[in-house]
Every structure is written in structure tokens, then in C-alpha cells.
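Engineer: This is the structure, below, for whatever I ask next.
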Amino acid sequence: MAKKIVTDLELKGKTVLVRADFNVPMKDGEITDDNRIVQALPTIKYIIEQGGKVVLFSHLGKVKEESDKAALTLKPVANALTEKLGEEVTFVPETRGETLEQSVKDLNEGDVLLVENTRFEDVDGKKESKNDPELGKYWASLGDVFVNDAFGTAHREHASNVGIASNLETVAGFLMEKEIKYIGGVVENPDKPVVAILGGAKVSDKIGVITNLLKIADKVLIGGGMSYTFFKAQGKEIGLSLLEKDKVDFAKELLDRAGDQIVLPVDCKVAKEFSNDAEITEVSVDDIPADQEAMDIGPKSVELFKEQLQGAHTVVWNGPMGVFELSNFAKGTIGVCEAIAELKDANTIIGGGDSAAAAISLGYGDDFSHISTGGGASLEYLEGKELPGVVAIANK
């Protein structure tokens with residue numbers, strides 16, 4: 001179902017509430033990665049150009065008690081927005097009250113205001129995270145329309161997304177629209193053939209995704225730590241490699257059901273320790289030494305996965321192929337990333353999380369059709385679940 005977007009509204013003179021995702025990594029009060037702020041700019045700039053008054057909401061981190069607040073204020077985000085927009089962004093260090101209400105009333109057309117971290121409301125009864133109806137109603141009372149542009153929290157039913165939406169006309173911002181188009185498109189109406197590449201440490205994190213993608217994808221390539229549970233299910237010895245014993249039966253059932261639809265690595269890199277100084281050996285997946293751990297897929301597996309990608313019209317990737325943080329065990333992830341980036345005629349999508357960070361850090365950010373800003377939200381969407389934040393947006 002197509003959703004209404006910000007361009008469907010008349011915004012001039014309106015107070016436009018925007019739920020953005022400014023949950024950025026911070027160190028000593030400094031933002032270390034501003035990607036989420038950059039991604040929010042097109043929607044904010046459009047509302048400014050249309051003569052709307054922008055009131056921004058976002059969470060940052062987890063706020064459990066009063067002492068958490070100082071390190072999790074959105075003030076650095078307000079400063080970053082001021083710099084990127086080239087105009088002063090008013091920061092209100094409160095989530096409710098007269099100062100906030102008056103500051104909103106004082107806005108002129110084209111002005112931007114950022115409300116303090118919505119999760120400050122969690123200190124007293126988790127009002128944000130539990131979608132307190134009074135809080136959602138109060139925030140909604142500050143504006144005329146609501147634009148939800150925070151895909152990263154779309155799988156959560158919070159006061160600042162679903163709560164406001166239940167009290168105010170709600171549309172998608174440009175980033176949310178893009179996420180629905182690409183991530184939702186994989187699930188609902190993909191351009192075939194579809195190849196999915198899944199990595200990461202645990203099968204348990206991806207059970208729903210694997211199960212759903214096997215209904216959609218022509219091939220599901222599995223790498224990373226989770227692949228060794230599948231090898232165990234095939235009766236292979238995996239040495240000290242990562243194993244989820246309680247998921248071996250599930251992996252066996254999937255392999256029996258899916259047949260050659262699931263493609264596993266054929267070789268891997270093993271070592272005795274997690275270290276860039278460790279002695280590395282490339283071995284067949286049939287020859288993993290008993291005293292060593294597999295930490296990356298090998299070069300033959302990268303070539304195999306490249307072959308499987310040829311001719312794909314849609315590719316979705318979620319999860320690294322090895323211990324990407326260590327350069328010794330990053331080549332599998334780099335190889336897969338490069339192979340996908342070279343597919344110029346395919347829809348290439350990264351489902352957030354570590355694979356997104358890998359692609360961006362390797363300089364391939366612009367070579368993918370879409371890199372999702374949502375980790376958990378992307379996974380739940382790929383599982384085929386309805387996301388509360390998306391459901392709450394008005395249909396066209």
C-alpha cells in the first residue's frame with residue numbers, strides 16, 4: 001500500500017512535527033558519525049523551502065535514570081544541524097512545559113527547533129518507550145501535521161512516532177519513503193531474480209529473515225559466523241568455530257527444505273586467536289583443524305558468491321562475512337562488498353547494521369542503490385513483519 005509523503009501536504013505556515021533519527025554515536029560529547037543527520041536533511045530542507053515551521057524530535061541512546069541525561073543531550077545534534085543547514089537551529093533542553101510551548105509558538109516560517117532527547121521521558125515511567133497516550137497527545141498538540149522520517153525506530157511503538165501519529169495527520173519523510181520503497185520492495189514486490197547474502201555471528205538473530213527470504217529469493221548465500229552452525233548440521237567438523245548448538249536442527253531442516261537454494265562457503269580462514277598477528281591458514285570447510293577457529297570466508301568462497309550474483313536484478317545484503325573489525329579477517333566482507341557494488345544494473349540494498357558501516361568505511365557508500373539506516377527495523381521488515389511506525393503513516 002502506497003503511503004502519503006511530505007510532498008502530499010500543503011506546508012506553508014504550518015507547524016510541522018518531524019520524527020527524525022538522530023541516534024548518532026558520540027564520544028566525549030562529540031558526534032563520531034553524522035550519517036543519520038545527513039540523511040535527515042532533505043526532508044528538513046524541503047519543509048523549510050515550503051514555508052513550514054520545523055519541530056524536530058529524536059531519541060539518543062538509552063536513558064534509564066537522571067544521571068544518564070548529561071551524556072545523552074541532543075545539544076551537539078542541534079549544533080551539527082545549525083552548521084549543515086546554515087541557519088540557527090533553536091534547541092529546547094526540555095521535552096515538555098511552557099518554555100517548549102512558547103518556543104514553538106515563536107517560530108517563524110522556515111525556522112527549525114529541536115526538542116530535547118525524547119527518551120528523557122523514560123526516566124519517570126518509560127513514557128516514551130511505552131507509548132504513553134498522554135505524552136503522544138501532548139507532543140501532537142504542538143503541531144499541525146506530523147512527518148515520520150525515522151525508519152530506524154519504525155519497529156518500535158513509541159510516543160514520539162506512533163503516539164504522535166495517532167493524534168495527527170501523518171506522512172512519510174523522504175528517508176522513510178526510500179526505506180519503504182527499497183526494503184519494503186524486497187519483501188513485497190522484488191524485481192527477480194533475487195539474491196540475498198546473509199552474514200553475522202548468530203543464526204538466532206536471523207531466523208525470521210532466513211525463513212522469509214527463502215520464500216522470496218532465488219538464492220540465499222550464507223557466510224559469517226552463522227555459517228558454521230549450518231556446516232555442523234551437514235555433519236562437518238568445525239573446530240573451535242562459532243556454534244549455536246540449539247540451532248543445528250533448525251539449520252538442518254532449512255538445508256533439507258531449501259536444497260541448492262542455500263549456498264554456503266567452500267573455504268575459510270582459520271587461526272588460533274582473535275588477532276591481526278595470528279597465523280592464518282586458508283582451508284576447505286571440510287578441513288577445519290580441531291584446535292582452530294574459522295574467522296572469515298576464503299577467496300574461493302568470494303568467487304563462488306560473485307558467480308551467484310551474476311544476473312541478479314535485486315541483491316539484499318545483511319551481515320559481514322567474517323570478523324570484519326580485524327583487517328586480517330576482513331577480506332571476505334570486502335570481496336562481497338566489491339562484488340555487489342560492481343552490479344550496476346541491479347537493485348543493490350544493504351539492510352543496515354555492520355554491513356552498512358563496512359560499505360561506507362570502504363568507500364562504496366554511493367555504489368549501492370540503498371543503504372538502510374535501520375538495523376533492527378530493516379531485519380524486522382525483511383522478516384515480513386509489519387512495522388508500527390510504517391503502519392501509522394496515512395495511505396494514499
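Numbering starts at 1 and runs along the chain as displayed.
Glycine too: its Cβ is placed from the backbone N, Cα and C atoms.
As the structure is a computational prediction, the values presented were derived from the model and not from experiment.
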Engineer: According to Swiss-Prot, Asp21, Phe22, Asn23, Arg36, His59, Leu60, Gly61, Lys62, Arg156 bind substrate; identify which of Arg96, Arg119 is listed for that same site.
Structural biologist: Arg119
Engineer: I need the CA-to-CA distance for Gly352 (ATP binding site) versus Gly61 (substrate binding site), whole Å please.
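Structural biologist: Roughly 17 Å, rounded to the nearest whole number.
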Engineer: Taking Cα atoms as reference points, rank the binding-site residues Lys206, Glu325, Gly353, Asp354, Ser355 by distance from Asp21 (substrate binding site) and give the first.
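Structural biologist: Nearest in space to Asp21 (substrate binding site), counting only the binding-site residues, is Gly353.
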Engineer: Hey, how far is Asn23 (substrate binding site) from Glu325 (ATP binding site), Cα to Cα, in Å?
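Structural biologist: Roughly 22 Å, rounded to the nearest whole number.
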Engineer: How many other Cβ atoms sit within 10 Å of the Cβ of Asn23 (substrate binding site)?
Structural biologist: 21
Engineer: Quick one: give me the count of other CB atoms within 10 A of the CB of Gly61 (substrate binding site).
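Structural biologist: So the Cβ neighbour count for Gly61 (substrate binding site) comes to 14.
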Engineer: Just counting, how many other CB atoms are there within 10 A of the CB of Glu325 (ATP binding site)?
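Structural biologist: Glu325 (ATP binding site) is surrounded by 12 other Cβ atoms within 10 Å.
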